[in-house]
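Novice: Would you mind keeping the following structure in view while I ask a few things?
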Amino acid sequence: MTKKDNRRWISLVALVCQTTSLVLLLRYSRTVKTEKYLSSTAIVTAEFLKGIVCIFLVWLENDRSINRVILVLNEEIYNKPHDTMKLAIPSGLYSIQNNLLFIALSYLNAATYQVTYQLKILTTALFSVFMLKKKIEKRQWFSLFMLAIGVALVTWPTPDESNKRLTVQNQATWLQQMMGFCAVLVSAVTSGFAGVYFEQILKTGPTSVWVRNIQLAIFGTIFGLLIVICFDYKAVMDKGFFQGYTTLVWIVIFLQATGGLIIAVVIKYADNIIKGFATSLSILFSSVISYFVLHDFTPTLFFYIGTMCVLSATFLYGWEKPKVTPSANDQPRV
């Protein structure tokens, strides 16, 4: 096995572990019977930690020189306020998205969330067409249609669930599930737009991706603090900023902070097929663990069919025809 193949497999394992562990641990942290932590403060902490990690990576890129790090940050952030302010838009959207992530996993099991959140593929594709003028092949349009059908089937209620809604006892549960689905939908839209907008910014200059992430972290921390003040100010004043924080919560925060950075690193070595495998394995592991460990998920026929549609759509959208290199026998003879 070559070094390139090793990196591809490491990329696959890293993506699966990061995606699966974040969703499952976040779900467990929101349902376990302990003192509840504030998701808004957890997001602020994650953004701050992400900024620290990115500064460390810039330090590594610049021969481990603190003076060069200060020079880079001064030139790229302080001396370019206009370029820095451009990152306020995706950063604000990511802050909204992260808060919606906590809301969604408070009401939905990990498996259902994993499948429905793949709608971000659809929203990203649509924003890429309108903002970046990308061309999408017929195969990809068909895969996006399959994706929408699959998510609809996963979220489609069974006849038994429809009857349960009529009772007062299950009305609150149904409303909570709808809140979770709405949170995932809005999160997918913000993820698609912010991702395409950020891609557009990355292509406009030679600025390091880690510096861009520092800019995102700065605005993310600011927007996160505004959300804390607007929604959880009283709770913070009563019990403190880090109320309810346990070892589990700190692990979730670490995964949240480093998740995007891990993906940015491994995508350098992984292709769309690897990402498709990672998504499929993550959904599979989330479903199995939700059923056998968390006991908050019972798959239905609609879920099986919908999940197969989503996984097939993910592979079909990312599949690329192998490029055939002409051999010597194919060269025209003079």
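Using N, Cα and C of the backbone, Cβ positions are placed for all residues, glycine too.
Quick paste of what TrEMBL says about this protein:
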type     : residues : note
TRANSMEM : 9-28     : transmembrane segment
TRANSMEM : 40-60    : transmembrane segment
TRANSMEM : 141-158  : transmembrane segment
TRANSMEM : 178-198  : transmembrane segment
TRANSMEM : 210-236  : transmembrane segment
TRANSMEM : 248-270  : transmembrane segment
TRANSMEM : 277-295  : transmembrane segment
TRANSMEM : 301-319  : transmembrane segment
Novice: Is the number of Cβ-Cβ pairs under 8 Å between the transmembrane segment (210-236) and the transmembrane segment (40-60) three or more, considering only pairs separated by 6 or more positions?
Specialist: yes
Novice: If you count Cβ pairs under 8 Å, which stretch among 9-28, 277-295, 301-319 touches the transmembrane segment (141-158) the most?
Specialist: 301-319
Novice: Please identify the stretch among 9-28, 40-60, 301-319 with the greatest number of Cβ pairs below 8 Å relative to the transmembrane segment (277-295).
Specialist: 9-28
